[in-house]
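Here's the structure we're looking at; comments come further down.
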Amino acid sequence: MEDGTVYNLGLSVGPTGPKYSIIHFPHTKRDGPETNDVFKEASIVAKVGTRWPFHPGYMHTFGITKNYFIIVEQPLCVSVPEKIMQKFNDKPLSSMLKWYSDRPTVIYVISRKTSEVTNKFLAEPFFYLHIINQYEEDDHIVIDICIYKDPTMIDCMLIEAMKDAKSNPQYASMFRGRPFRYVLPLKANKSENNLVTLVNTEAKAYWTPNGDIYAIPELLCDLGCETPRVNYPLHLGVKYRYFYAISSDVDLENPGTLIKVDTLMKTKKIWSEKDTFPSEPIFVPSPEQKDEDDGVVLSTILWSNMPNKVALVILDARSFTEISRTEFITPGPVPKCLHGWFHNAL
C-alpha cells in the first residue's frame, strides 16, 4: 500500500476448518518507530471459510479497495487427500489440483472495517492467476481479471507438453485467456432486470431463483493478457483506465507482444519485435505526472535465437512506442522471468 503496509492472502486451519485469510503486515510499529520485523507484527484481519474443507481453492491473488477485500474462489482446488497420497507416489504437485467444471466461481466481498462478508456473487466457472485491478464506483465494485475457461494451461507447463507444443494443434487454444470485467452491485434491489446500473459497461448481474446474484462479465480486449500492471502509485484499488500486459496468445505472428489496454474505450496498443519475448511490463510514473499514463513502461526482452542476449526496453506509456533500450551479452543463457519490480533510487 502507499504507506508501506502489505496485505497478503493465505490459508489458515482451525477447529472450524480451513479459511482464506487476509494477513496484514504493518509498515511501522503501533505508536512506535519504523521496524523491519514485520512478521512479528503480522495479524489476520479477515477470514472466509473455504467452500469444500478438503479441497480449498487455489489462490494466486486477491483484490483490495478503500473499503473492501475481494476474494475470488475459482473451482480449481488443492486436494488434501491427493496431497497426502503424494508422499507415497511420484506424481508432480500439479496432480493435487482438481477442477470442478460444473461448479461456479464464488466472489466474496469483505468489509475492511468489520472483517465480515458483506456480499457474495456467483459467476461461471473460470480459471485465473491475476486480477488486473479493482475499484468502487456508485455502490458497485468493478473487478478486472485475466480469465481462462479452464486450467488446461497448467498441463502445458509439463516438459513433455512443451516438447510437443508445435505438433499439438490444441496447444495454442489451451492458453486462450482474455481480460474480463465484472461489475458487482453492492446494494441490489429485488428486480428481475439487470442489477448493474453503472454506465459505460456491458457487464450484467441478475438474481437467481436460489437467491444468489449471478454476475456476467464484459470483454475488455480480444487478446490474451497476462502479468497485468497498472499505475500502482495512483490507481491501485481506485478507478483507473489503462493496464499493461504481455500477450498470452502463443500463436500470434509475434507471440512476444506487449499490450496497453484502454478499459474505457476498449481499445489496445501493442509493441513487439520479431523473435523476442518480453517480461512483465512495469509502469514507472513521470516525476511530475499529470495523467494516468504519463510515464514509461519497462520490460526486459530475450531473443529466441540468441540465448545470451538480453535488453531493457523503455516505452513511452502514452504512445506505447519505444524511446530507448540498453542491450547486454551475458556469459550464459538468460532464463525468462515472470514478475519484476521497479525500485526508486535509494
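Yeah, the Cβs are placed from backbone N, Cα and C, and that goes for glycine too.
The annotation Fe cation binding site is assigned in TrEMBL to H60, H130, H339. Secondary structure at H339 (Fe cation binding site), taken from DSSP and collapsed to helix, strand or coil, is coil.
Shown are the binding-site residues H60, H130, H339; the one with the most C-beta atoms within 10 angstroms of its own C-beta is H130.
Same-chain residues that are not part of H60, H130, H339 yet have a Cβ within 8 Å of the Cβ center of the Fe cation site turn out to be T61, L129, T227, L338. According to DSSP, H130 (Fe cation binding site) is assigned to a strand segment.
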